[in-house]
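Trainee: Found this in TrEMBL, in case it helps:
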COMPBIAS  1-11  compositional bias 'Low complexity'
COMPBIAS  1013-1022  compositional bias 'Acidic residues'
REGION    1-31  region 'Disordered'
REGION    1013-1036  region 'Disordered'
TRANSMEM  103-126  transmembrane segment
TRANSMEM  154-174  transmembrane segment
TRANSMEM  180-204  transmembrane segment
TRANSMEM  258-279  transmembrane segment
TRANSMEM  330-348  transmembrane segment
TRANSMEM  442-469  transmembrane segment
TRANSMEM  533-554  transmembrane segment
TRANSMEM  604-623  transmembrane segment
TRANSMEM  729-762  transmembrane segment
TRANSMEM  796-816  transmembrane segment
TRANSMEM  822-844  transmembrane segment
TRANSMEM  918-937  transmembrane segment
Amino acid sequence: MNGEEGVVNGGQVPTTNGRVVKPPLIGRDDKDTTAYKYDLAPADFPPPPEHDEADFEVTVPPEDIVLSALACNTLDWCQRIDYSTTTPLYEFQTFPFVIPTEWILGAMTVGVFGLFVVSYYALTVISRDCGTPRMIQIATYIRQGSEKFLVTEYTYLFGAVAAITIILVFINTVDGVVEWRLGVCYLIGALLSGITGYIGMSIATRGNVRTTAASEQGLSLGLNVAFRSGAVMGLSVVSIGLTGLGLCYLAFGDVRALAGFSAGASTIALFARVGGGIYTKAADVGADLVGKVEASIPEDDPRNPATIADNVGDNVGDVAGMGADLFESFVGSIIATAILGATLPYFYENPFAMCVYQHLNIDLACGSSDPPFNTSFANSICSTDDFYLNYPSLGRLEGQGLFILLPFALAMVGVAASALCTQKIFYFGGEVKDKAKTMSKLLQALNISIFLASFLIFCAAFGLTFGLFGGPSAFLDNSGFGFSSLPYYAIQTGDNMCEPRLDNPDLPLGSFRIGYYRPTDAIGFLFPVPLGVWARLFGCIVIGLLLGIFIGEITQFFTSGNSTPTQGIAASGEYGAGAVVIQGLGVGMASAVLPLFLVFGSILGTYALFSSYGIGLAAVGMLSSLGITMATDAYGPVADNAGGIAEMAELPPHVRDTTDALDALGNTTAAIGKGFSNGSAVLTAYALLTALIQDSGLMPGPVSLVADPPGSEPENFVYFTDPISLDDVYVITSLLLGIMLPFLFGALTMLAVSSAAEAMIVEVRRQFREVKGLREGKPGVRPEHEKCIAISTQSALWEMVLPGIIAIMSPLIIGFGFGQRALVGLLLGAIGSGYMLGIMMSNAGGAWDNAKKLVESGFFGKVNSKGSEWHKATVAGDTVGDPFKDTSGPSMNILIKMMTVFGLVFVPKMTVGLEQGWIGLVLGGATLLVAAFFTYLKIRSGARLAKEARKKTTDDDEGAPLVAPDAESPFVEAGTTVPLSRVNRKSALYSDNDAGDVVNLSDVMTGTREVVDELENADDLDEARGVGVDPSKKDD
């Protein structure tokens, strides 16, 4: 059993009290080259002396000395027992442990520090120049539309959240006592997730116009303004998540109730991602198909009514939606790892339980010691002559509490590293000349910061694991931890190994030995020698860090415009739209292979290192750099908006070139972020699934396996573990159902985008027909973008309901209807297929998008760029890819996490068998009725839209009714005033309004358009705007 154990002091057996026994050595075990056998009875090992309480005091880290003094001495928080170990609410019971208060407070302190950095970043972004009044006007439309959608969405969502909170509070009633902690944690998780998304979106909609203005002064400045705007979102996610999580744990003192926090965050994440994705892609698809294809106008052209809605969608989908998604992943990984850490067999002040787990492998191998009666060899060995007294009594920060604090501490150093590495992006590539080289330099600049943050986390993780579990730690001061000194009983090998001894029938054939503490858990995992624990935990963290980096590199290869796969998709545009779609699907499918192998290897490797806890710790390690990774992801929509503002404000070509380069980089970073999100989701979901299996009662808990008092029989036996077998018809059918669910979810979200896009297309066509001068761009005429924003808002809120209901109700229907085993089968199938489908859709969509931009850049010659048939073919591919990469694909990882965490929250109320089948039947029937109602409404709406869609863009098109045009557009605004201090001094506004204090937006818009109509080239356009004009020629 203990191949790494040995003999010390020349074969003398040290005991926990320092005295030495010299037993008769009866021979060396040929199969165990390092351990000796002794013919001893348990009584031959003298019991350890009583320890003073001071023996178990833990030195407080210097950085936490003030917090520790307040919390531990004044508030007496350092002796609080975790509530989850004292309540009968949970089926899986572990032994009491003390909350690691000072470490949780330390993590919260770093989280608050992160919020100060967020505030500083936000102020530096807001203080920058906003550009021309037209730019300010456009940015204001985008911000107002984003805020309106988010507030409306949250209003509906928090009504549902309040209802679920009430349900969670009142279903968790035990013996007349309402266990409210889980429900309140759910509410707080949802609130903080919503707040995080709103903060990120608020700064992104202010940073976009400032990025445009900064891009006029150079690529480096534009990059840093956009990145700092994204860094507000990234640091908000990790800082608010860590602070809120720590606050809930300290306030409620229940690590298991934190699952409610994760469930609340996942509720907001699902609807924010799905709703935002439907919003943005409805506007994007409508704008592209009518604007680019039918009306033959450029992307982001100010004449297109859907352009503002498209830019709004970038913020509500890719900033608020992705932020809520990764917020849930971040807190979910910490929660799952902490819950698993609370159940590890390193028990606080419980030597008998540690002794039983040291010998649990005997029960697993032999079963009952007295068949047909149920007994436990492990409990018999430890209770005989008080043998368990030779085992250590672990201190407050030496047992479970140590494993709980580790994910919090790792997240803490991740926040600090991200705050440091988001200060500035160092770009040395110069201005845009060669677009391929520029893209390579931009990616290199971002990667330097990401790799630096990962290196800092790597170093900090080494210090944490070695300091907490390695040489200088109190963890190794215990007997059998730092050196081979712990007596244990080992059974002999062979066919008769489980036969009882003649001299003691309570023991199987074997002998007592001296070695290390190496427990075995209920599923047979043999934990490592304590001397190697720190290295194994560090290895799990490193695997998680490397997994995130490798997945990012693979995603970059398959989606970047500089790589062969994307260039192949762009080249296929020569043969038409069908070839582009086929090539893109193939690339997306191929891109899922390598990430799956990496996740496959990571799960196997981390499990071999430290069981399921190692998998959860790898997820925390992967997400520890989320602050900077999310910053690069949120940077993308800011850069995209900046390009749209530059186009709509008719800025000089060099500004648009700069924003185009930033936008192309943003497409790649967004794809990398989605791959990162998918990879972290599957690790987090697996860790949550393990916690779910524990809470279900399918695995016996520590309290049920250890006799109380010693010498009695335990409540349960490890050989009665209730396995999940594929022979179970309910498990296999639920597994197949789980495989299907991501496809159903993807279909519903894709169809939702299609339906919303059809409504958008109808509205854009109507405005091009009915608004006089809109398509021609006549002075004073602007589109009625408010109607497009309203259509996207209503469609998104309406269409997100059905996918959301299915995601929430599916695990409840199966779990209550067919039992806990069937629920596990459902989740296993959903995790596997959802992960693969999410990667395929996200990467295919990103590759289609960059293939279109590659054609637009003139990669295949100017004759094949914008407006060509080649270009239209890639636009068709991008139209298919838009809902792939921004709606359905990213939603998959939220789906699998949400299903798992809702299963975790409700599984204690489910049964193993079919006893509660009627509940599942009621839930299933209600879900079908709701689905039928929404399907009926969609069919009616679709028929109406199909009729309207037959009307084309212009009156000259066949079948379009002639509409008498208005004499003048009713959408011309009188104009508002803007202080000159807000105006970019390089613009023509100063040359026309030198003497005034304010400028009139309508005059600027109308006057500029009248001049533009008479200009023939970009140089004249620059001169008309006053950009780059020699001051001496201004009067000319």
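Cβ atoms are placed via backbone N, Cα and C, with glycine included.
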Trainee: I'd like to know if the transmembrane segment (258-279) touches the transmembrane segment (796-816) in this structure, counting it as a touch only when three or more C-beta pairs sit under 8 Å and are separated by 6 or more positions.
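Mentor: Yes, since the transmembrane segment (796-816) and the transmembrane segment (258-279) share at least 3 Cβ pairs closer than 8 Å, they count as touching.
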Trainee: Do any residues of this chain, six or more beyond the ends of the transmembrane segment (330-348), have a C-beta under 8 angstroms from a C-beta of it, and if so which?
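Mentor: Distant Cβ neighbours of the transmembrane segment (330-348) are 82, 84-85, 92, 94-98, 189, 237-238, 241-242, 244-245, 255-256, 258-259, 261-262, 265-266, 354, 357, 394-396, 398-404, 406-408, 411, 519-521, 527, 612-613, 616-617, 619-620, 622-623, 626, 680, 683-684, 687-688, 690-691, 694, 701-702, 897, 901.
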Trainee: Should anything in the same chain at least six residues away from the transmembrane segment (822-844) have a Cβ under 8 Å from its Cβ atoms, list it; otherwise answer none.
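Mentor: Same-chain contacts beyond the flanks: 555, 558-559, 584-585, 587-589, 591-592, 595-596, 599, 671, 674-675, 678, 681-682, 685-686, 689, 692-693, 696, 698, 724, 728, 730-743, 745-746, 810-811, 814-815, 881, 884-885, 888-893, 895-896, 899-900, 903, 907, 910.
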Trainee: In the same chain, which residue numbers or ranges, 6 or more beyond the ends of the transmembrane segment (258-279), come under 8 angstroms Cβ to Cβ?
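Mentor: Sequence-distant neighbours of the transmembrane segment (258-279): 149, 153, 157, 160-161, 164, 168, 181-194, 197, 241, 244-245, 248-249, 309, 312-313, 316-318, 320-322, 324-325, 327-328, 331-332, 335-336, 338-339, 688, 691, 749, 752-753, 756, 792-793, 795-797, 799-800, 803-804, 807-808, 883, 886-888, 890-891, 894-895, 897-898, 901-902, 904-905.
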Trainee: Among the recorded stretches 103-126, 154-174, 442-469, 604-623, 918-937, which has the greatest number of Cβ pairs closer than 8 Å to the transmembrane segment (180-204)?
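Mentor: Looking only at 103-126, 154-174, 442-469, 604-623, 918-937, the most contacts with the transmembrane segment (180-204) come from 154-174.
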Trainee: Report, as numbers and ranges, which residues of the same chain sit near the transmembrane segment (103-126): CB under 8 Å and 6 or more residues beyond its ends.
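Mentor: Those are 61, 63-64, 67-68, 71, 199, 203, 206-207, 210, 225, 228-229, 231-232, 235-236, 238-243, 246-247, 249-250, 397, 405, 408-409, 411-413, 415-416, 418-419, 422, 627, in sequence order.
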Trainee: Can you tell me which parts of the same chain pack against the transmembrane segment (442-469), counting only residues 6+ beyond its ends and a CB-CB cutoff under 8 A?
Mentor: 219, 223, 227, 402, 405-406, 409-410, 413-414, 416-418, 420-422, 425-429, 475-476, 530, 533-535, 537-538, 541-542, 545, 548-549, 552, 556, 560, 621, 624-625, 627-629, 632, 661-662, 665, 668-669
Trainee: Any residues 6+ beyond the ends of the transmembrane segment (533-554) with a Cβ under 8 Å from its own?
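Mentor: For the transmembrane segment (533-554), the sequence-distant neighbours (Cβ-Cβ under 8 Å, at least 6 residues beyond its ends) are 406, 410, 450-451, 454, 457-458, 461-462, 465-466, 468-470, 473, 475, 527, 591, 594-595, 598-599, 602, 605-606, 609-610, 614-615, 617-625, 629, 672, 675-676, 678-680, 683.
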Trainee: Can you name the far-off residues of the same chain, 6+ from the ends of the transmembrane segment (918-937), with a Cβ under 8 Å from a Cβ of it?
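Mentor: The answer is 801-802, 805-806, 809, 812-818.
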